[in-house]
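Asks: Below is one structure. I have some questions about it.
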Amino acid sequence: FAAIALALASVATAQLANIPNCALNCFVNALTTDGCSGLTDFACHCKKTDLISNVTPCVQAACSADDQAKVITAVEGTCASAGVPISVPPV
């Protein structure tokens, strides 16, 4: 299981390069359980209305306020690039 988690984290790191490290596990957990076809299927992930509510508590617990702001910017940018612009409320 650890090898799988490490591999997923590596893919997530490559695809979510602007996400601070403190938040990567939050996203790997959410993106692997939301029913989308793959970890990097952001067009699907960004359409999931519960994505933000699922990752916010984890990000708040794991990241500083500065990193939380970086997460918001990165998520909005990633989703916009995938053709699914979203607006993330400040945490």
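Cβ from N, Cα, C; glycine included.
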Asks: C79 forms a disulfide with which residue in TrEMBL, given the options C44, C46, C58?
Replies: C46
Asks: What Cα-Cα separation, expressed in whole Å, is found between C79 (disulfide bond) and D41 (heme binding site)?
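Replies: With distance taken Cα to Cα, D41 (heme binding site) is 10 Å from C79 (disulfide bond).
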Asks: Please list, in sequence order, the residues in the chain of C46 (disulfide bond) that are at least six apart in sequence and whose C-beta is under 8 Å away from its C-beta.
Replies: T78, C79, A82, V84, I86
